[in-house]
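Visitor: Can you read through this structure? Questions will come right after.
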Amino acid sequence: MSSILWFSAVRNESGVAVCASKNANNQPLTGVVFEPFEEVNKELDLVPTLPQVSLALQKFIDESKATINEHINVKYNVSYIYHAMFAYFDRENVARKGFFKESIEEERDHAKKLMEYQNKHGGRVKLQLILMPVSEFDHPKKGDALYESRKKEEKKQKAWLPTNAQQPKLQVD
């Protein structure tokens with residue numbers, strides 16, 4: 001038993017036909033029409049043709065898109081809070097220059113990555129208003145900056161945890 005595939009060109013009255021077979025019998029196939037697009041027409045009918053429908057939206061449910069948008073906004077709000085803390089620690093009477101600068105950049109980078117993911121998968125980024133953060137952290141009722149930072153990190157962490165296995169929800173103030 002041979003595993004050699006034979007190729008040959010056979011000339012006939014209509015031109016040249018290429019033959020491939022396992023045996024040396026190189027007779028051209030006649031009556032066979034190769035129509036690759038007819039084979040994939042069923043799959044092509046499933047592709048949306050409306051300009052406002054994204055081709056990337058494949059099994060990307062609305063709840064997922066909404067959750068990602070909510071988390072983008074959480075990231076920007078937390079980044080804004082860290083900006084306020086950065087400004088507080090940059091004061092001459094506090095003198096912790098650069099404190100929270102990395103946190104600002106980290107939160108913004110996370111928000112950008114989530115936006116890229118949303119766009120890449122056909123979702124639409126919907127930014128919301130950023131809340132005004134507290135700017136005084138040495139007040140006895142408002143607490144200090146490190147305590148505030150820890151609370152925000154805990155809220156961010158809880159926001160990623162789903163309330164049940166089927167449908168993730170964000171719980172953010």
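Backbone N, Cα and C atoms are what each Cβ position is placed from, and that goes for glycine too.
The Fe cation binding site annotation in TrEMBL covers Glu107, His110. Per TrEMBL, compositional bias 'Basic and acidic residues' is recorded for 139-157. Residues annotated as compositional bias 'Polar residues' in TrEMBL: 163-173. For 58-173, the entry in TrEMBL reads domain 'Ferritin-like diiron'. The region 'Disordered' annotation in TrEMBL covers 139-173.
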Visitor: Mind looking up the mean pLDDT for the domain 'Ferritin-like diiron' (58-173) in the predicted model?
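Guide: When the pLDDT values over the domain 'Ferritin-like diiron' (58-173) are averaged, the result is 79.
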Visitor: Three states by DSSP: which one describes His110 (Fe cation binding site)?
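Guide: His110 (Fe cation binding site) sits in a helix per DSSP.
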Visitor: Does His110 (Fe cation binding site) have same-chain partners at least 6 apart in sequence with Cβ under 8 Å from its own Cβ, and which are they?
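Guide: The list for His110 (Fe cation binding site) reads Lys75, given in order along the sequence.
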Visitor: Are there any residues at least 6 positions away along the chain from Glu107 (Fe cation binding site) with a Cβ closer than 8 Å to its Cβ? List them or say none.
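Guide: The list for Glu107 (Fe cation binding site) reads Lys75, Tyr76, Val78, Ser79, Tyr82, given in order along the sequence.
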